[in-house]
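Structure first, then comments.
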Amino acid sequence: MMLNFVNVILPIPLERSFTYAISDEEALVLQPGMRVAVPFGKSKIYTAIIYSVHQNPPEAYEAKEIHEILDDYPIVTPVQLKHWEWIASYYMCTLGEVVRSALPGAFLLESETLILRNTAYEIDENELLDDEFLVFEALQHQSILKVQEVSAIIERKNVLPILQRLLDKNVIVLKEEVYEQYKPKLVRYVKLGAEHTSDQKLEELLNSLTRAPKQSQVVLSLFQLQGKRQKPIKVSELEKASNSSKAVIKSLVDKGILEEYFIKTDRVNYEGENDNSESKDLNEYQEAALADIKSSFEEGKVTLLKGVTSSGKTEVYVKLIEECLEKGLQALYLLPEIALTTQLISRLQEYFGEKIAIYHSKYNVQERVEVWQNVLQSKPKAQLVIGARSAMYLPFGKLGLIIVDEEHESSFKQFDPAPRYHARDAAIVLGHFHKANILLGSATPSVESYYNTQTGKYGYAEITRRYGNVLMPDMELVDIKKAQRKRKMKGHFSERLFLEMEETLKERSQIILFQNRRGFAPLMECLTCGHSPQCPNCDVSLTYHQYRNQLRCHYCGHHTALPEACFACGSPELDTKGFGTEQIEKEVKELFPEAKVGRMDLDTTRGKHGYEKIINAFEQQELDILVGTQMLTKGLDFRNVNLVGVMNADSLLNFPDYRAHEKTYQLLTQVSGRAGRTKKRGKVLIQTYNPYHQILKQVTTGDYVNMYKEQLYEREQFKYPPVNRIIKVTFKHKNYNVLNEAADWFTSALRTNFGGTVLGPEYPPVARIRNQYLKHIVVKVQKANSLVQTKTNIRRIEKSFKSVAMYRSVRVIYNVDHI
Ligand code: ADP
Ligand code: ZN
Ligand code: ZN
C-alpha cells in the first residue's frame, strides 16, 4: 500500500519543510498552495501551506497526521511559491519567514494567537453554530482567549476552522489586529414593516403609538429620512436622527413594525461616482516618453522613466495601465507607504473606478483577506492593485504590468523582520516570472537603476519639463554660518527665509518647511556639567518632546517626564541642542502669529487616517504653513505652495552612510518639487552651513547626471553597489563581551574566505538598542565573484559558528543589498 504525504511550509524561521501524513481521500483533494492545520512540537498547532503532495515517507522521523484541511482551493499560486523561494534564497532567510510576511495574518491562525471579541459588530446569536456560540459566550466573560482555552471550551483539539468561521462572521478579532476604525462588512438597515406602508396604515400606527413617544419618534424619523425615494436607512442613521437608542428600535423590530435587513458592503469598495473618465491627452514630451517605454518593453526590458517633479509621470502610467487592463491582464502599482495617499488614489480612481484594489499595512486583516481573494480570483474589482511593498505578495494570476513609482525610495527595502527584501527588486523578479512589463519611475532615480540604464540592462525614457510649461522652482542656498555671524537669524530662520515667508503669506500662498527630525530637540544638555540624559535601554540620547514635556527614545519608545534638574550634577540649568519639527512649529507660530501652522511627522500622523487629515487640511488651505519631516516629500500635489524652506541641509549630508549624498540629492529635489506646481514659479530656500557643498550645488542646478557620475566613481573606488554587491551581517546579543568575541570569530572566518572584502566588525552609530548590543560586518562581493557562492560560504561559516556553545545565543542577521 502507498502512503500519502504532504510537505508543508510552517510560518516559522526553520530551514526545512516538514512532512505530514495524509489519507488517500485527502491526497485526492490536497494541492500545493492550500492550507492545512498541523500539530507541531508538544502542543502547538500551526497553519501551514502545502508545498507538495507525494508518497515518500520522511527518513528521520515518523510523520504526524495533519489536523484539518483549511481550504477548498489553493490560496497561494505556483508562481508565488516559486517567487517566495527566490526571496528566501536571495535574501538569506527561510521560506517560513517569507510566508509569514506574505500572507495576511488572518490566513495564519495558530495556537498562540490571542482572540478578542469584535465589539464593533453586533452579533445575531441565532446565526452561530453551537460551537461558535460557546466561544462567543466565553468572550462575554473574558476579554481575551488563547487558542488552548478555546480548545478546552469546545472540547476539541483543532479549533482553527472554527476560529476562521468566527473571523468570517465578524464575531472575533485577533489581538495584533485591533484597529481603531473598523468598518463592518454587513450594514444593518431598517424599513417600515410591509403591512404599515400605506398612508392609512401609517396613520393608524402612529395613533397606536401615542403612548410610546419614543417609538413614535423613531417611526416619524424613519419616514422623514426615507423621503420619497425610499432610500435604504441604516440603523445607526435612524438612531441618530430620532435621538433614540438601539433598544427602542429593537423593540419596534420585535413588534414587527420595523423590518431589519442587511446589505453587504465591501470594505474596500470605491464609493465615488465619477469613475471611468477619459484619460488625459499627453503632451509631446509625455508622448515621446511613452513611445520610448513601449519600444523598450518590446525588447523585454525593465524600463526606467526619469521625469522631473510634476512632469506628468502619473498620466503616462495611466496610459500603460489602460492598455494592460484592456488586454485583460492585471496591473500592480507599487508605491512607498508614505506616498500612498488619498490624493493619488482618488486621481487613479477617476480613471479606473472600482477596478482598483488597495493594499497596505494600515488595512486590517479582513480587508487584506478580501483583496487577496479578489486578486486570486481575478475579480473585476482587483484589476489594478495599488499598494506598498507587501502588495507584490498578492496571488496574481495574469500580471501584465508592474509600475514601481518613486523607485529610489529606501522604504521599499524592508528592514525588519526577515525577509529583508527590496520590493522593487523582488517585484522585478516577479514580473519576469509573469513575463510582465516593468516600469520604474522617479524624478531622482537610484544610482543603481540609472547605472542599469547606462550598461544597457534597462531601457530608459525621460521627461525633462514640467507639465504645462511650469518652470522648475527657483532654488537658492542660504549660508546660515554667515547669517549667524551677522546676527541675522530669528531662531532657526535666516532673515532671507523669514522675509520670503512673509512675502508668500502676503500673497496668500502656502509654505512647506522641511526638517528631517521630529520632536523638539534631539538633545537635552546640562549647562553645568555637559551631561545629557540617555536612554536606559539604548546607547542614544533622549529626544526632547516639548508638547508632552517628555524625553523620548526614538529607538525603543522609552520615555520619562522632563527632569527639573540634571541627573548627574543636580544643576537646574538645562538647555536643548539641535532642533526638530516641533521646535520649528513653535518658532513659526511666534514669528507669524496670524498664520495657521500644521505639522506632519510620525508623531502627528499615527492612526489609519493620520496623514490624510493633515494633507486634506493643507490641500483645503485650512493651513498656511506645513512643517514636516521627509513624509511630506513624497508625491504630494499641492496646488498653492509657492515656497519650500529646508531648515538645515547639513544633517542629511553628514549621515554616516555611503548613500548619504545620493539620498540628500533625492530628498532635497523631491521636497523642492512640492513648490510652484502651477503657473507661478515656485521658490526653494535651502539653509546650510556649507553652501559650497558639491551635492547642494547639484541639487540647485538639477544636475542629476553629474551627481550620478561622482557617486558612481566613489562607489567604484570603495567597492560599493551598484558595481559590487554588499551583504551586511549584524550580530546581536545582550552581553557585550560575548557579542565582541562572536563578531571577531565570524569576521576572521570570513576573512580567511574572502580576504580584503570584509569590513568590520564595527559598532553602528547606536550600538545598543533595547538592551541588545549590535555589531556589523559588511561583505563586499565583486561582480566577478558569484553572489550565490558567497552566500553558501557565509552559511557554512554560520554553521560552524553556531556549533560553538557560547555563540549559539548570538543572533546573526543577514541583510542582502543593505541600503
Ligand atoms: P509627476 O507624477 O511627474 O510629479 P503629475 O503626474 O502629478 O506629475 O502631474 C503634475 C500635474 O500636471 C498634475 O496636476 C496633472 O494632473 C497635470 N498633468 C500632467 N499631465 C497632464 C496632461 N497630459 N493633461 C492635463 N494635465 C496633466
Ligand atoms: Zn549636570
Ligand atoms: Zn531606547
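Yeah, the Cβs are placed from backbone N, Cα and C, and that goes for glycine too.
Automatic, uncurated: that is what TrEMBL annotation is.
The Zn(2+) 1 binding site feature in TrEMBL is assigned to Cys526, Cys529, Cys566, Cys569. Here TrEMBL flags Cys535, Cys538, Cys553, Cys556 as Zn(2+) 2 binding site. What TrEMBL records for 294-463 is domain 'Helicase ATP-binding'. The domain 'Helicase C-terminal' feature in TrEMBL is assigned to 561-726.
Here the features listed in TrEMBL are placed on the structure.
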| residue | record | Cβ contacts under 8 Å, 6 or more apart |
| --- | --- | --- |
| Cys526 | Zn(2+) 1 binding site | Ser532, Cys566, Ala568, Cys569, Ser571, Glu573, Leu574, Asp575 |
| Cys529 | Zn(2+) 1 binding site | Cys566, Ala568, Cys569, Ser571 |
| Cys535 | Zn(2+) 2 binding site | Ser541, Leu542, Cys553, Tyr555, Cys556, His558 |
| Cys538 | Zn(2+) 2 binding site | Cys553, Tyr555, Cys556, His558, Val766, Arg768, Ile769, Arg770, Asn771 |
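Taking Cys526, Cys529, Cys538, Cys566, Cys569 as the candidate binding-site residues, the subset whose CB lies under 6 angstroms from any atom of ligand 2 consists of Cys526, Cys529, Cys566, Cys569.
A sphere of 10 angstroms centred on the C-beta of Cys553 (Zn(2+) 2 binding site) encloses 22 other C-beta atoms. Figure note: comparing Cβ neighbours within 10 Å for the binding-site residues Cys556, Cys566, Cys569, the maximum is reached by Cys566. Taking the centroid of the Cβ atoms of Cys526, Cys529, Cys566, Cys569 as the Zn(2+) 1 site, the other same-chain residues with Cβ within 8 Å of it are Leu527, Thr528, Gly530, His531, Ala565, Phe567, Ala568, Gly570, Ser571. Proximity of the binding-site residues (Cys526, Cys529, Cys535, Cys556, Cys566, Cys569) to ligand 3: a Cβ under 6 Å from the molecule is found for Cys535, Cys556. The Cβ centroid of Cys535, Cys538, Cys553, Cys556 marks the Zn(2+) 2 site; residues of that chain outside this set whose Cβ lies within 8 Å of it are Pro536, Asn537, Val540, Leu542, His554, Tyr555, Gly557, His558, Ile769, Arg770, given in sequence order.
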